[in-house]
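What Swiss-Prot says about this protein:
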type: COMPBIAS; residues: 1-12; note: compositional bias 'Low complexity'
type: REGION; residues: 1-20; note: region 'Disordered'
type: TRANSMEM; residues: 57-74; note: transmembrane segment
type: TRANSMEM; residues: 100-120; note: transmembrane segment
type: TRANSMEM; residues: 126-146; note: transmembrane segment
type: TRANSMEM; residues: 157-177; note: transmembrane segment
type: TRANSMEM; residues: 189-209; note: transmembrane segment
type: TRANSMEM; residues: 221-241; note: transmembrane segment
type: TRANSMEM; residues: 283-303; note: transmembrane segment
type: TRANSMEM; residues: 326-346; note: transmembrane segment
type: TRANSMEM; residues: 353-373; note: transmembrane segment
type: TRANSMEM; residues: 379-399; note: transmembrane segment
type: TRANSMEM; residues: 416-436; note: transmembrane segment
type: TRANSMEM; residues: 445-465; note: transmembrane segment
């Protein structure tokens, strides 16, 4: 059997769609059906065809995932908006019970992420993700019905379970459609939804909290509206999100073949490889994997501090309950814009480490500035510091997730590593939930200092990983007598990872 692709040419490459010429000029085995191993001469693919394919993915997949993550972030953090409307007082919270309520979410969030991640490989991310969305939408609705601290604790526990594997699932799902060099900006668009959710949540809360005279409190209406819309969107996503490139009804047969070849060439040797639990755990043997996990934890503190406490940080400047939510909109939107900027720069430079350091430094400076000035006498500077805080917090999370996915081409290992790394970042919400103590309100100076310190630790870890990768790549070049980059590594060598002497790190 011989399979040809009409969209093959020797067109010139641009910076967005550079293909690995040395890889595409080789004899590439492609599995076009059961029992049929075909070897075909594949040259540089038509870059216009690839751009059209990516554009289809961008318009048919990314908006759905962004919508999913928007409500994922919204339903997780809407309690911070509800608190500004007196939720904690209405439910009879005393002492540090609000902090405990924030903390309880992260325990099942971390415990369930790893086992739940296997559902994606077993049943497909396109089916499991909407199920989780239905679940956390239902929990958001339940928050409107709780009457006391115990009830809210129970709901937040199940909300943590429902949201635990959403982010790893989305990252894994995107790696089955996009090349490594295309991933950061797409993940950035997806992650930007979390920033947009903060802005959207602030605007919605601003409007809802103006409702007077109803049978429910404003914060209860907020939970009902957000939970109800989440539930409806989950049904739409289940019906529309493609299971894989092979089943995407918006692709032609030629585009499906092209899409499969792209990922086979850029990722592990087979897209549909079976999940091996024992093999997947070998990803943690390399010291770099441990450093990445520590990096995720360090950078998780600034990210969760922003997600959980931005309304309270803004409220410290003296704004009213209603206006506080409105004033969180601009920093959140700015964070989404900077997230895209950092991601596009990273993809353009083909470098994660340098851009990561720039993003983390920006956020760290924001926390330091806010904590070191008299905020009531310098409202403008304090508010500007909020923009700095949000500028790099989400970007650092995006680039870190992309970084280790870029360097973990084996599909099973990638799924497992993501399901561990992302929850570790989120479990640091336990830290952010407990360093913002009631006795330190309204400015929370100790919490701001601790958050900045974790940012500094993150910078040290990123720098250490980058330096190791640079010199390890040089060592491999010297041993083989040839200079290579990650783009020069053939497909068959990618799955083995660093154990293969031909492997090169994506810096």
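Glycine residues also receive a Cβ, built from the backbone N, Cα and C atoms like all the rest.
Same-chain neighbours of the transmembrane segment (126-146): 68, 71-72, 75-76, 78-79, 91, 119-120, 152, 155-156, 158-159, 161-163, 165-166, 169-170, 173, 216, 220-221, 223-224, 226-231, 233-235, 237-238, 241-244, counting only residues six or more beyond its ends whose CB sits under 8 Å from a CB of the stretch. The transmembrane segment (189-209) makes no contact with the transmembrane segment (416-436), as judged by fewer than three Cβ pairs under 8 Å among residues 6 or more apart in sequence.
Here the transmembrane segment (416-436) has Cβ contacts under 8 Å with residues 96, 99-100, 102-103, 105-107, 109-110, 113-114, 116-117, 164-165, 167-168, 171-172, 280-281, 283-284, 289, 292-293, 296-301, 303-305, 307-309, 312, 397, 400-401, 404-405, 408, 444, 446-447, 450-451, 454 of the same chain, all six or more residues outside its ends. For the transmembrane segment (379-399), the partner stretch with the most Cβ pairs below 8 Å, chosen from 221-241, 283-303, 326-346, 445-465, is 326-346.
The stretch in 221-241, 283-303, 353-373, 445-465 that contributes the largest number of Cβ pairs under 8 Å to the transmembrane segment (57-74) is 221-241.
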